[in-house]
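Remarks on the structure that follows.
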């Protein structure tokens, strides 16, 4: 690769990320929330690339805002600017629950012929299907009813009863009178004997559920105030709660559970509870919400400190639990819980920003929390979303905005105003006046049909404002005061007046000039020597008639030997021009003369007609390379030939040694026998006799046995050579040897005695 | 003159050797014959190897060494059995023969293992 390309990789990166850069930045946040991870990044520093960009933009914003205050163009612009500075959140896009959630839910909550592994999972699946509006499958309901009746019939722990009753509230299976009486009595006993927070939670929660499900309406807690106080004893001053009086660890997850339990106690109380208890609890809730944590893009969440590995729940379940507790408590008590609306909105953005979780439990937490946000007595958040954040000027796309609740249901009557549009590059005043979007009753969309002339191709931040039409709705619903949405506008960029020419270096006079056809049909054929220059020029104009600087404007020259050189085409305003002075480039081109292919690349994310086109050839005549000239770098071998299969190697076995002809071997075998025959004949000639052989029977047998023994050993050796292995032979030799020694000793001692007798005689 | 006398001397030497040899006891002659047989067998094997090459070298070595080994053991036996040898007066010939047999058996076990 030639020089002058230092910024190519970065530009290519931005090319792929540009279309929804801020959206992708927001998404990068979410990608950290992988379903299998149990801990979130402890600080927003892991998103530091997005944070840095936003910080830089904010700093630039502040600088430019000061200069603009001096030259305030109009009061309206000035006010809008102040509003923008006051809100430090960055632009991001959130979508409410959609059909992709429903199909993901069907995939995640798989059951084995309708039954799940535990009652908890059964309840989670049923609740998720209920919230998303997915039809209940009969086998799921039947299996749920079976496991519920099993749990309810036998004596189970309060935890199992709690989840069974929770599942039953959705599955609506019938419970026998006797069984429900048994449940009520066991749960009442559990409430009386509870000492841990979770014991209270399961028993009180179970009583609330059975009250709704059974025909008996008069289930009351015996000493509601006492139970309330004992649960309240677990609370801490910072708004978090402990699990038990022994364990000093406190968590927000426990706070959510405690709030749910207390809401249950309030609803089960036979008489009004002391209002001071309720108001202290509302203070606790405010303190808990003071400890809420924040991400850069405006999402809020609760998280606990990671102390004990398996007790740690993770931000998703913790926030979901707190929200459940809060909405349950708000539903059970009268009066308002004063929570600022932007906290509810921040929580809604947290859950929506996750997208579609990949884990069933995470999915349940998300959907359950969103269901709490959808309808609660505190405030219902309304989300502004766009179906598409990329608009095309040439296709005349219109800006379509939808305002819904978090689960996608319709919002109350409201108007959406586009109060400003800001270009990402410069932080000047808004590019358009505040205007209201038209509401289309049929589709429920707020539409802006034509983008104003001030919006050209590029990346913008649009600022929307949502105003509720009925004043009573303001007590129920809450919207963001200013929603910033990243919008990317694309269009066809006109490329005009493209021409290529060869100039004489000294005089600057044009030798040959031709118009470039960037459609790629007419290839130009030029020739030049090292004393000349090549000039390429064209003009780029946006659909609105302004100058345009694309991300990529390159001219590539490739030699026949595949050596490439790339040059950046610079610009001034609309005119793009590059002049290649071959005199200075001779060494860079490695003195290679010959035919060079020329290729022009003009590309940008906002250009719908980016092009990469071969414009023709140029025959370059360069001088000869001197001795010390650098050689061109070795070109890449075709990867298929380098990494492809090599020639097959066949193993050459060691050729066997040349053996002598068999006849020769047999002849010598015979020759070897000859000396033996000679020995025997010699013995006969010498006159050997067997006179010394013992005649008496006992020594004779021993003598015979001695000779037999030797013969046996020799035979054994023959077998050893033919068939046996050393160990077998050694074993046999051992036996035969012992025998031979004994026999030989007898024989030889007899012979010795006989010769001694002969000598003395 | 010298040559004729040396020839005569050689002939006389040869005859005297022969007659002296005839006086050796029978058992020693048997042993000598055995030694000659063993050496002759070794020589034939060496000639064969010279012709065909030493490919299974272990076999060649095994064969030659068995012959040479047994010849050596036989020479030892001859020394021990020879009555004129004063050193081994106390050793009975039967004992020497027993040693000969035992050592031969061990030698041939090793040879058979090495033959391959």
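Cβ atoms here come from the backbone N, Cα and C positions, even for glycine.
Look at TrEMBL and you will find A:97-374 tagged as domain 'Ribophorin II N-terminal'.
Helix, strand and coil content of the domain 'Ribophorin II second' (A:382-489), in residues and according to DSSP, is 4 helix, 55 strand, 49 coil. Under the heading domain 'Ribophorin II second', TrEMBL lists A:382-489.
Marked as domain 'Ribophorin II third' by TrEMBL: A:497-620. Averaged across the domain 'Ribophorin II third' (A:497-620), pLDDT for the predicted model comes to 87.
What TrEMBL lists as domain 'Ribophorin II C-terminal' is A:653-753.
Among the features that TrEMBL reports, transmembrane segment is placed at A:664-688 (among others). Under 8 Å from some Cβ of the transmembrane segment (A:664-688) lies no Cβ of any residue in the same chain that is six or more residues away from its ends.
The transmembrane segment annotation in TrEMBL covers A:700-720 (among others).
The transmembrane segment annotation in TrEMBL covers A:726-743 (among others). Counting residues 6+ beyond its ends, the transmembrane segment (A:726-743) has Cβ neighbours under 8 Å at 702, 705-706, 709-710, 712-713, 716-717, 719-720 in the same chain.
Away from its own ends, the transmembrane segment (A:700-720) comes close to residues 693-694, 726, 728-729, 732-733, 736-737, 739-740, 743-744, 746-747, 750 of its chain (Cβ-Cβ under 8 Å, at least six residues beyond either end). By number of Cβ pairs under 8 Å, the domain 'Ribophorin II second' (A:382-489) is matched best by A:97-374 from the list A:97-374, A:497-620, A:653-753. DSSP assignment over the domain 'Ribophorin II C-terminal' (A:653-753) gives 79 helix, 0 strand, 22 coil.
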